[in-house]
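As written in Swiss-Prot, here are the features:
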BINDING   E69, E94, D121, D144  S-adenosyl-L-methionine binding site
ACT_SITE  D144  active site
BINDING   K148, D180, T217, K218, F219, E220  substrate binding site
Amino acid sequence: MKNNIITPRYNLEGVFLRQIHSFVCRKGRTTTSQLSAIKKYWSLIGVDFQLNALNFSSIFKHRAPIILEIGFGSGESLVKTAMNFPEKNFLGIEVYKSGIGSCLHYASSYQIQNLRIIYYDATEVMYNMIPDDTLSKVQIFFPDPWHKKRHHKRRLLKNIFLKIITKKLIIDGILHIATDSESYAFYILDEIKDIKNYKNLSEKNNFVKRPVSRIITKFEKKGLLQGKKIFDLMFQLKK
């Protein structure tokens with residue numbers, strides 16, 4: 001498992017890489033059990049970052065629709081979703097080591113076979129590792145809203161990243177976003193409105209009801225108890 005989750009200033013081809021990231025590398029505490037899970041199970045479930053496109057048939061045991069989740073947090077809901085849909089393959093991306101360890105622990109506990117995870121910056125993974133026209137669904141649940149205006153440049157779901165996703169989804173593939181930030185929800189709608197390939201699946205062209213397939217996370221439960229409203233956005237890729 002590689003510990004460097006951000007590519008250098010230039011990649012191996014000498015191409016200048018972006019410097020503004022949608023996350024901050026905090027020195028969060030990784031527990032002993034999380035470190036143990038990484039040591040035991042990374043070789044089975046983890047996928048190291050690389051500068052060339054993945055061959056999904058080489059990392060998954062069975063050919064199946066691929067669902068990508070960006071920023072899976074503890075991984076508990078991702079693992080449970082993978083368990084609920086064994087006929088699909090799941091790929092998760094996370095930048096925090098504690099989340100990687102936690103996800104590996106859950107996956108090993110449930111003996112999940114249809115899940116692989118990457119410990120790296122999602123934008124670099126999308127640029128370098130995800131082949132075009134391969135994903136049946138991309139789900140991004142509760143990304144950091146970066147509330148302060150001067151930090152909006154750090155937001156993951158900007159127009160440029162949303163356009164990258166269109167290249168990775170298959171036709172009729174789904175982009176599903178959930179956030180508890182109303183301002184971020186409307187920001188996303190504004191960023192995506194000019195990308196003609198996306199069809200908003202909301203009848204009112206804004207938000208949809210939470211689908212049963214999206215498991216309510218501990219983070220979400222806490223927010224609901226505090227009276228926060230959850231916004232689900234769902235788009236389908238069209239020709």
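Each Cβ is built from the backbone N, Cα and C atoms, and glycine gets one as well.
Positions of Swiss-Prot features highlighted on the structure.
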{"residue": "E69", "record": "S-adenosyl-L-methionine binding site", "contacts (Cβ under 8 Å, 6+ apart)": "L78, F90, L91, G92, I93, V138, Q139, I140, F141"}
{"residue": "E94", "record": "S-adenosyl-L-methionine binding site", "contacts (Cβ under 8 Å, 6+ apart)": "G71, F72, G73, G75, I100, C103, I117, I118, Y119"}
{"residue": "K148", "record": "substrate binding site", "contacts (Cβ under 8 Å, 6+ apart)": "none"}
{"residue": "D180", "record": "substrate binding site", "contacts (Cβ under 8 Å, 6+ apart)": "F142, E220, G223, K228, K229, I230, F231"}
{"residue": "T217", "record": "substrate binding site", "contacts (Cβ under 8 Å, 6+ apart)": "G73, S74, E76, S77, F141, F142"}
{"residue": "K218", "record": "substrate binding site", "contacts (Cβ under 8 Å, 6+ apart)": "S74, E76"}
{"residue": "F219", "record": "substrate binding site", "contacts (Cβ under 8 Å, 6+ apart)": "G73, F142"}
Work out the three-state DSSP category of K218 (substrate binding site).
helix
Using a 10 Å cut-off, grab the number of neighbouring Cβ atoms around the Cβ of D121 (S-adenosyl-L-methionine binding site), all chains included.
21
If we count other C-beta atoms within 10 Å, could you say which of the binding-site residues D144, E220 has the fewest?
D144
Would you identify the secondary structure of E69 (S-adenosyl-L-methionine binding site) according to DSSP, in three states?
strand
Binding residues E69, E94, D121, D144 (S-adenosyl-L-methionine) - maximum C-alpha distance in whole Å:
14
Pairwise over K148, D180, T217, K218, F219, E220, annotated as binding substrate, what's the top Cα to Cα distance to the nearest Å?
25
